[in-house]
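Listed features, source TrEMBL:
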type	residues	note
DOMAIN	54-234	domain 'ABC transmembrane type-1'
TRANSMEM	7-25	transmembrane segment
TRANSMEM	37-55	transmembrane segment
TRANSMEM	62-86	transmembrane segment
TRANSMEM	92-113	transmembrane segment
TRANSMEM	120-139	transmembrane segment
TRANSMEM	164-181	transmembrane segment
TRANSMEM	188-209	transmembrane segment
TRANSMEM	215-234	transmembrane segment
Amino acid sequence: MIQFLRSLVGIAVFIAIWYLTAFILDEAIILPPPNEVFGIFFNLFFDNTIIMAAFHTIWKVVLTLVIVMFFGVLVGLILGMFTPLYDMFRPIILIIQAVPVVSWLSLVIFAWGIGWKGPVFIAVLSLLPIAILTTVAGVKSLDNRLIEVAKVYRVPFKTVFKDIYLGSLVPFIIAVVDVTIGQAWKVILVAEYLAGNNGLGVLILAARWEVNIPQVYALTLIAVIIGLIAERLIKIGLRRLSLRWVPA
């Protein structure tokens, strides 16, 4: 409760600083006052257009996370168990990780034009290396003695895979989600802004073309709130799922 109250005080201080800065600047096109932004925010939050745009953005983020987690963990497991393969493909993974988002955007626009594929493709390529490398680190941290004991007692591979490999990787998988979910939300929004045909990023672009700066701020606030809620729900679901391998 005390922590919650401190958070509320922090938010109140932030809004006060925002209001004071907006008053001093007196340039609504740069920094509109919070009362104007919050007024638009409450008008927009339950608007059907916003709800549909948020739905389009959320399903892209969820699809991105499913692809990243499935292929990231699968490839990471394979590379972690076979060091020669890891040494072979590690430079390629690092190169993909180093490519800036703007370069992927250019490629996507030429390949598919404007649509939903571009944002998902960009987000997957941006986050997949993180998932792979984190999973590899998890595999390499396994206690080899557990594997040897399992071999001695002829434990079925299915049991070894579930209880030893996946059981030991759960903390790393949760860490991957913690890192990638916030990044996925931001990358999808940026990609929608530049190469999307629907979603919150497209609405922010439309507000920018209309030079409706308060609406840009309000839409950004909506995106932040929905992103935080979605992130929290996904983390809760993943942690509950992880209890299959890690006791509470």
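Cβ from N, Cα, C; glycine included.
Counting Cβ pairs under 8 Å to the transmembrane segment (62-86), the top-ranked stretch among 7-25, 164-181, 188-209, 215-234 is 164-181. Away from its own ends, the transmembrane segment (215-234) comes close to residues 32, 37-38, 40-41, 44-45, 50, 54, 57-58, 61, 65, 177, 181-182, 185, 189, 200, 203-204, 207-208 of its chain (Cβ-Cβ under 8 Å, at least six residues beyond either end). Fewer than three CB pairs closer than 8 A are found between the transmembrane segment (120-139) and the transmembrane segment (7-25), and contact between the two stretches is not assigned (pairs 6 or more residues apart). Within the same chain, residues 49-50, 52-54, 56-57, 60-61, 64, 101, 105, 108-109, 114-116, 118-120, 122-123, 215-216, 219-220, 222-223, 226 sit at least 6 positions outside the transmembrane segment (188-209) and bring their C-beta atoms closer than 8 Å to a C-beta of that stretch.
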